[in-house]
């Protein structure tokens, strides 16, 4: 055993590595060349020696007397000579050592280097004088050491950069080299001319320096000139060298300057430590994206002192360069060309000191998945480099969202886009509502317009979402211990603010309208909609009201000059008339008194007061999981057979990781994939078009290129559990490419969801998918068209296709998504529409004023018919100041469902509801009866024409009366009636009110006969030709559609080519004043409380529920009828 161990030990061989580095030469090379810090010291020492030799030369020249040829030199002269010899010896030894260490086999290459030759010229003569004293009087051009000092300085800077791991700009190095070159030329010329002129006029060193500076500056006074030919020859040589060297240096400097303009330089460390800055990381920077970010970022007062550092890998665009040269932005915006994946570029942007980092995706890429991958890598790189920097990330595809879950705020574009487009189908203009809420505005847009709707619409667009703690609030502080509904109503009544949500101190979730069961507490955070935040508001009360009850003053809302700085304080006198004693509820609180036909005097019916504390008997019992009265009992037998099969539950298959679970209407069993195909029958059914299905409700059509995971977020809000079953609209997906099985597996559990392969530019596909039975058509922007040679042409195909459908199906509500918001002016384009031209001028005026919402007055945007996802970029920007905006937007759109939080829905004001009269009274009615919070109005008005257009419309009405049929005559008179009506009158469906239609037509005919000047014969003939052309065009389009329907075997009964809404305009009013009058067909946006929130009922009340259950059920049914206006 011992022998074996000994043999094993003897068999081991110790191996030493890198033995070549242990040699004496390698150690010297490591010390003098390779090691950064030691080589830096050697070069600094060498640089000091060269400067010392130049200084000793100047000292020797100053002490030298040219007229003294012989004599004993002074002590100072001997000391300087001794120092020169010593320095020369050290320099010679160093030069020989470095030559030996850098030798690579070619000795001549080393010897003929300019630096080696200069070293030999300036050191060897001094060494020879040690052994041969007669050479001590020889002239040695020691001043040439300035060039060696210049080379040593360049090498020293390079070693300095390597040693401290910090790179200064190449611009700084080049400027330093240029300055050193000029100094060396001037110093060499001054010393050389002074020495050579010793045989001539004997110039002093100062005169020689003066001559060189005057000569190189091309001034040339001529008062000092060289007189002998050697000095003149030296001047010629120096000028030639300067003409060769200096242009090369300046060229290099100019090139580096241009490169620096492209790359943007660095953000200084001192500024990063003393000032605050945010970093914007993008793959390509366009002027629209830049201006949206800057306008929204600097719209907040506390961000005025921030710097914005843009980190982009591409070269700066010309338009971006021009914008950044404006003084407003040049002092606050810094552009750096670089990549977020490089630590050096992140160091240039001082990412570790940044207050925030915004990482935006390039939505114009053809491959959006690849764009998301780039965004994910940027987010990872920033998080790795600066883990404490807050991240704000924009992702395009929902399936990639979980990769950046660590970010502080994430906005998934397709999630928000499809959810918003879905809500547009059930809550009109939801996209406009959310866009106005997330944009910063002071409510000054359109205030100088002569149109009343533009002034009201622009003033209400200034409302935003703000937050404040209850204990610090003047708006809500007095409602501590009161119910949420009570606080919301009375804050709106007293101050004009709309309380929409709350967050408990011990809970991170925001609750929208938690209902009357939520009792307000002092630590609660309140979220409200108002023109400005409470901290910027002033409270003004009338003196006589202060002495009484402290009632607020009325009518400050409509003062545009006070909107930015004052709170909106309005009164509700109409409610005060009905509530004589608000402390005591009415005796019969179980019924809402409705106006009768004859009426009981002029008194308006009363509205129940909003209770301070929730009364369980006055809250609607709502259990949607077993609500048989709404879904089953109100249907006929055949309707119940198709609807009663739906169940409520969570979708079993989520198409991507990170989707929020939502309770939905589902099928009891998953549908087969073959049954999801609308245009082809299968063994389960033989239906081949939408007509064969006999749907009870209107269809919702969605045109998209592919069935991405984002479409799942379009279906979920439309199948949410709080949607009544009888109001569910069938959804048909018109896809360019058939979906894969993964997508079909995700949607097969939803009722009445179908797909069909086809495009919107194919009329047959549109007819087969049931476009004539649809109320809404959603056109999603296609990925393949987002990238175009000309940026703004990316929407060309979509716009033309939508314009075609607008002409073919004028009654269809088409909701279009565009890539560029500026292209919305082409939606529903009419070349000779004077009103559209006036709106275009108004948009330009608002843009010149610096408005962030210049496009808001375009009729398609105001009506919610067009939408661009880039409008929601401000949601991510605002989250830097308002970290609650993204959660609130997700709750409003139904992307997230928090237990106890309400949801956004809408209801329509009918003739039976006009007795409420004002928005403030409606607020009270909703709060008291169903605990719903209204946040805005979607209003439709008759189109306002100019005088020339009224005249034209009048002539058309008369001519159609004489030449057209009864239907056209009625339509034209109705249009004339709308044009001459009050500016706030609301158009309604004439088929629903035949009496009003008949009276309006009679009134219009009678007025046209009495007050209309007969047109001339020429005007009448030209107008008839125009009408004939218009009718022929419409008839041609109608015949085209009907012929295709007959060819496909579809009935033509449902096609109505004349039913359009070209004489109306619609717009959104966010949080209007309480005294705003309600109008017919107004659609009110409301936040309804969560129906699944469990009631917190006391025990004594619970004991009496069994006995009074029937009474409360009757009351609930009656109140429900009144709630759905």
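Here the Cβ of each residue, glycine as well, is placed from N, Cα and C on the backbone.
Among the ranges 7-27, 112-132, the one that TrEMBL lists as transmembrane segment is 112-132. Taken residue by residue, the domain 'RCK N-terminal' (275-411) breaks down under DSSP into 59 helix, 28 strand, 50 coil. Two recorded stretches are said to be in contact when at least 3 C-beta pairs lie under 8 angstroms, sequence spacing 6 or more; the transmembrane segment (175-196) and the transmembrane segment (44-63) meet this definition. Beyond the transmembrane segment (112-132), the same-chain residues lying 6 or more positions past its ends with a Cβ under 8 Å from any Cβ of the stretch are 53, 84-85, 88-89, 91-92, 95, 99, 138, 140-142, 144-145, 147-148, 151. Secondary structure of the domain 'RCK N-terminal' (697-837), assigned with DSSP and counted as helix (H, G, I), strand (E, B) and coil, comes to 60 helix, 29 strand, 52 coil. Long-range contacts of the transmembrane segment (233-250) within the same chain: residues 174, 177-178, 181-182, 185, 188-189, 192-193, 196, 212, 215-216, 226, each at least 6 residues beyond the stretch ends and with a Cβ under 8 Å from a Cβ of the stretch.
Beyond the transmembrane segment (75-100), the same-chain residues lying 6 or more positions past its ends with a Cβ under 8 Å from any Cβ of the stretch are 25, 28, 32-33, 42, 46, 49-50, 52-53, 56-57, 59-60, 63-64, 110-111, 116, 119-120, 122-124, 126-127, 129-130, 136, 142.
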